[in-house]
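Asker: Let me begin by handing over the structure; questions about it come next.
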Amino acid sequence: MPPQQGDPAFPDRCEAPPVPPRRERGGRGGRGPGEPGGRGRAGGAEGRGVKCVLVGDGAVGKTSLVVSYTTNGYPTEYIPTAFDNFSAVVSVDGRPVRLQLCDTAGQDEFDKLRPLCYTNTDIFLLCFSVVSPSSFQNVSEKWVPEIRCHCPKAPIILVGTQSDLREDVKVLIELDKCKEKPVPEEAAKLCAEEIKAASYIECSALTQKNLKEVFDAAIVAGIQYSDTQQQPKKSKSRTPDKMKNLSKSWWKKYCCFV
């Protein structure tokens, strides 16, 4: 297989948040409704919360997506992710929404630990690399069954990562050596329909093409799902029709273990 862009761990010092990150209040399981990691979904004065979990094979670029989206930077060194959480406040129709991004490990050795991060997930970003046919194959063979086992109703957005490598000559040569080709966009769209994903989006963490669209779609789908969970017998709340820029007030990172 060709060399893959990876999921480097979020650097502790090199990528400083705009404002020093706040400490999470409370111990494990002690966060209240609306707090990242909290069990409640309701908002309150600080705004509502959306929990977004990124899953997919190792080295498909999950962490790169998060780092690029949250810092406008791109990590160059590949360090396999264990479990990391990132939290931010974003503005949706003028109202604050606390977005929790849970970056999970795709390696098989974490299969038993990974589902611990799935509790109260509002939206899954199921990632595969468009230049890794094996990671695409695992979408339906491994990841969808795992998600549906633990979160039968949570929405999924299928994300094709590393789209900037589709035309990369070195990558194409390496794929050809294995008698493989990049995953056709049409095949990915068909897969999204088959797994009943909310949508399919191709993006690049390096160039940031369609990167914001991925997380905007995740926030909208997460809010819709959260509303149905809170008010199953009432009509759905109005879907935000305009996604506003990410609030630059503060970012924070904390451990995902529960």
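A Cβ is built for glycine as well, from the same backbone N, Cα and C atoms used for every other residue.
The region 'Disordered' annotation in Swiss-Prot covers 1-45. Residues annotated as compositional bias 'Basic and acidic residues' in Swiss-Prot: 10-27. The compositional bias 'Gly residues' feature in Swiss-Prot is assigned to 29-45. The GTP binding site annotation in Swiss-Prot covers 56-63, 103-107, 161-164. For Lys177, Lys248, the entry in Swiss-Prot reads ubiquitin cross-link. Annotated S-palmitoyl cysteine per Swiss-Prot: Cys256, in sequence order, evidence recorded as experimental evidence.
Tell me about the setting of these features in this model.
Answerer: Around Gly56 (GTP binding site), the same-chain residues at least 6 positions away in sequence with a Cβ under 8 Å from its Cβ are Lys62, Gly106, Leu126, Cys127, Phe128, Ser135, Asn138, Val139, Trp143, Val159, Thr161.
Note: Lys177 (ubiquitin cross-link) has no non-local neighbours, i.e. no same-chain residues 6+ apart with C-beta under 8 A of its own C-beta.
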Asker: Select the most exposed residue of Ala59, Lys62, Thr104, Gln107, Ser163, where exposure means the fewest other Cβ atoms within 10 Å, treating these as the binding-site residues.
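Answerer: Candidates: the binding-site residues Ala59, Lys62, Thr104, Gln107, Ser163. Fewest Cβ atoms within 10 Å: Gln107.
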